[in-house]
Amino acid sequence: SVGFKAGVKDYKLTYYTPEYETKDTDILAAFRVTPQPGVPPEEAGAAVAAESSTGTWTTVWTDGLTSLDRYKGRCYNIEPVAGEENQYIAYVAYPLDLFEEGSVTNMFTSIVGNVFGFKALRALRLEDLRIPKSYIKTFEGPPHGIQVERDKLNKYGRPLLGCTIKPKLGLSAKNYGRAVYECLRGGLDFTKDDENVNSQPFMRWRDRFLFCAEALFKAQAETGEIKGHYLNATAGTCEEMIKRAVCARELGAPIVMHDYLTGGFTANTSLAHYCRDNGLLLHIHRAMHAVIDRQKNHGMHFRVLAKALRLSGGDHIHAGTVVGKLEGEREITLGFVDLLRDDFVEKDRSRGIYFTQDWVSLPGVIPVASGGIHVWHMPALTEIFGDDSVLQFGGGTLGHPWGNAPGAVANRVALEACVQARNEGRDLAREGNTIIREASKWSPELAAACEVWKEIKFEFPAMDTL
């Protein structure tokens, strides 16, 4: 007779362990599970734990060669989602030995690699991860972090201002550089390559880098402030990406940029290491995130992608606006903004935070608010995001009726007015419009901007609710 019982078996016999006490070294995951009709939630939760760790669909004799009890993921708790029929939050604990040190790539391959196509589930969404301190310590994280960035730029006590250069595709390198110069000269701290500007026939990367560097130094000399332009180093291969980052460093640029989801975590971590070793700041764009995080019941929540980026490394990351054209519910957005910036974040289900997360002094990432925002949004943005943020106005700068530099002036005046008002103890939420109006009396550039955008709102109901 065979030494083991062959055949298909219930996952829940092995992988559903409600009495399990989670360890400090476990990676904990909260999955939103929608089982197929007739599949009990315990079985669905156990199936997730099994398929994302040691399980397979049938008993195999090689199971006897290792200790499954030591290596298996376990579903240790299941709770129904309030207000949703047939949706459950399944909590799964993974032993740390299942993961390679310092590899976000491996962490995701294990936790979300195969299980999302699983037939017994109608849909599956990873809502949050608790990353244990012992695992965090194997990552280098952001190349510099918030404090070092402020020291490098010598800018304190206010949010930083940015602008994406538009039209995003089609400008020649020289005209592109000119737009960069005008924005920086007018008072912005940063300008940005669009995420899809890499190295196309109308503007090769090296030409763009040269003209942007020239714009940068000219604006710096004239304003006496340190300026930056996010030079997009994203490329088709890791070698080419590093080549671009090296060129940026040689030109004396302070910051480069990467599309971390389309580029991939392996490339991103390599670039982050290069940036740390060579004193470059790293701006991260989240192109492709909505493919992964927009559906409420399937995929991954952005807070997981944000945590992963903090491990992999980046000094800035786009984080929605709460007020512009791109989605973001206020409490939920602030939840993952705290996860990016703070050293310790308490569990708070009302903000979508399923686990207490201790970052053990890993540097923080500055959230970037970008997308459909303009001067009238400034009080709200200053209040919501606070000082450690980058507020990025693309159309809100370049759409100014008098041109780029006046557009930049308008934004800088609005920002300084909001910061001053806040420091004087005024209530930005209530008095925001008044503050902007008062400031526009002594800034014709701001007055013109207020006039253009006074009616524009992007109001749709948000998708991202708890």
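Placement of Cβ uses the backbone N, Cα and C atoms for every residue, glycine included.
As annotated by Swiss-Prot, active site, proton acceptor applies to Lys166 (among others), with the evidence given as sequence analysis. Proximity of Lys166 (active site, proton acceptor) to non-local residues of its own chain (separation of 6 or more, Cβ distance below 8 Å) is seen for Asp194, Gly394, Gly395, Leu398, given in sequence order.
Positions annotated as active site, proton acceptor by Swiss-Prot, on the basis of sequence analysis: His285 (among others). Around the Cβ of His285 (active site, proton acceptor), the number of neighbouring Cβ atoms within 10 Å comes to 28.
Close to Thr164 (substrate binding site) in the fold, though at least 6 residues off in sequence, lie Thr191, Lys192, Asp193, Asp194, Ser370, Gln392, Gly394, each with a CB less than 8 Å from its CB. Feature annotation from Swiss-Prot assigns substrate binding site to Asn114, Thr164, Lys168, Arg286, His318, Ser370.
The Mg(2+) binding site annotation in Swiss-Prot covers Lys192, Asp194, Glu195. The number of other CB atoms found within 10 A of the CB of Lys192 (Mg(2+) binding site), across every protein chain shown, is 29.
The N6,N6,N6-trimethyllysine annotation in Swiss-Prot covers Lys5.
Annotation source Swiss-Prot lists N6-carboxylysine at Lys192.
The annotation site 'Transition state stabilizer' is assigned in Swiss-Prot to Lys325.
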Lowest local Cβ density (other Cβ within 10 Å) among binding-site residues: Asn114, Ser370:
Asn114
For the Mg(2+) site (Lys192, Asp194, Glu195), what does the 8 A shell look like? I mean other same-chain residues with CB within 8 A of the CB centroid.
Thr164, Ile165, Lys168, Asp193, Asn196, Val197, Tyr230, Asn232, Met257, His285
Helix, strand or coil at Thr164 (substrate binding site) [DSSP, three-state]:
strand
How many Å separate the two farthest-apart Cα atoms among the substrate-binding residues Asn114, Thr164, Lys168, Arg286, His318, Ser370?
37
Taking Lys168, Arg286, His318 as the binding-site residues to compare, which has the smallest set of other Cβ atoms within 10 Å?
Lys168
Near Glu195 (Mg(2+) binding site), which residues of its own chain have a C-beta under 8 A away, given they sit six or more steps off in sequence?
Asn232, Thr234, Asp259, His285, Ala287
